[in-house]
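Database features (Swiss-Prot):
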- Tyr49: active site, proton donor (ACT_SITE)
- 10-19, 211-273: NADP(+) binding site (BINDING)
- His111: substrate binding site (BINDING)
- Ala2: N-acetylalanine (MOD_RES)
- Ser3: phosphoserine (MOD_RES)
- Lys95: N6-acetyllysine (MOD_RES)
- Lys222: N6-acetyllysine (MOD_RES)
- Lys263: N6-acetyllysine (MOD_RES)
- Lys78: site 'Lowers pKa of active site Tyr' (SITE)
Amino acid sequence: MASHLELNNGTKMPTLGLGTWKSPPGQVTEAVKVAIDMGYRHIDCAQVYQNEKEVGVALQEKLKEQVVKRQDLFIVSKLWCTFHDQSMVKGACQKTLSDLQLDYLDLYLIHWPTGFKPGPDYFPLDASGNVIPSDTDFVDTWTAMEQLVDEGLVKAIGVSNFNPLQIERILNKPGLKYKPAVNQIECHPYLTQEKLIEYCHCKGIVVTAYSPLGSPDRPWAKPEDPSLLEDPRIKEIAAKYNKTTAQVLIRFPIQRNLVVIPKSVTPARIAENFKVFDFELSNEDMATLLSYNRNWRVCALMSCAKHKDYPFHAEV
């Protein structure tokens, strides 16, 4: 299987990256340094993770040590929902670049299709606990994203958590300059996303799978939630290949021609998660893993369920 996938702008994106969502600032610098030393070249970041400065420290250290050159790294970040207004997009991108200590990003994504009221709160809520929307349209936000490419701040642009109807609106935008290169979505055996992936691939859009292990460290986990890592059926498949459950869960999207970004701050796990290119799941095991779909989401963003651009109402 390819260790890179080609984006629609001709650049190559490593199929395995290090996720940094929920990585504590005190641990993420070391995690990124360890990952780069082990061979990771793709790091997935976002302003809302509130740890980009610490990621930047690690990147600078490895660049200074000449462990890697900048052109060998593939750095992704995301525009947060409170910055969807066209006038705010460039400033948000520049803040990320400054925190990461970089001149450009390889890929910049609209993190969610939902625009939020601008201000200091990442999740501005009303008295009922619903998010306060902004008067913005992600199609207009996309125009500002395109300008970032023209100005050399980012090499490629894409989306995250968008459904096919929302992507279609961007593709049909009058005067579209750049198609989305990537759609980053939650994807694992309990949420296989077959229709959405088929749609994206059909449009030449690469799909990145986040939370491939089911995000066991999510703060809102409930005891009764299903656990991918503890699923005896997946453990059984892993034993057959002499691999860990995590390695099977990371290999699964790679064989579906997806990019995958498991998160860890533990050096042993960061290493384990990278050892997925020396085995191949059989067609039968791939089909079995796909059959475990139950449309179960780690990241349902329920506080936005009433937002006009909430992406998960329609199974389209």
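Indices start at 1 and increase along the chain as displayed.
The backbone N, Cα and C atoms fix where each Cβ goes, glycine too.
Around Gly10 (NADP(+) binding site), no same-chain residue six or more apart in sequence has its CB under 8 Å from its CB. Proximity of the residue listed as 'substrate binding site' to non-local residues of its own chain (separation of 6 or more, Cβ distance below 8 Å) is seen for Ala46, Val48, Lys78, Leu79, Trp80, Cys81, Ser160, Asn161, given in sequence order. Each of the modified residues Lys95, Lys222, Lys263 was scored by other CB atoms within 10 A of its CB, and the lowest score goes to Lys222. Neighbour counts of Cβ atoms within 10 Å were taken for the binding-site residues Ala221, Ile261, Ala271; the minimum is at Ala221. Annotation note: Tyr49 (active site, proton donor) sits in a helical segment as assigned by DSSP. Taking the Cβ of Ser211 (NADP(+) binding site) as reference, residues of its chain lying under 8 Å away and at least six apart in sequence are, in sequence order, Glu186, Cys187, His188, Val298, Cys299. Within the group of recorded positions (Tyr49, Tyr241), the Cβ with the highest number of other Cβ atoms inside 10 Å belongs to Tyr49. Taking the Cβ of Arg251 (NADP(+) binding site) as reference, residues of its chain lying under 8 Å away and at least six apart in sequence are, in sequence order, Lys243, Val276, Phe279, Glu280, Leu281. Asp231 (NADP(+) binding site) sits 16 Å from Lys222 (N6-acetyllysine), counting Cα to Cα. In sequence order, Pro14, Thr15, Leu16, Phe277 are the residues of the chain that are 6 or more apart from the residue listed as 'phosphoserine' and have a CB within less than 8 Å of its CB.
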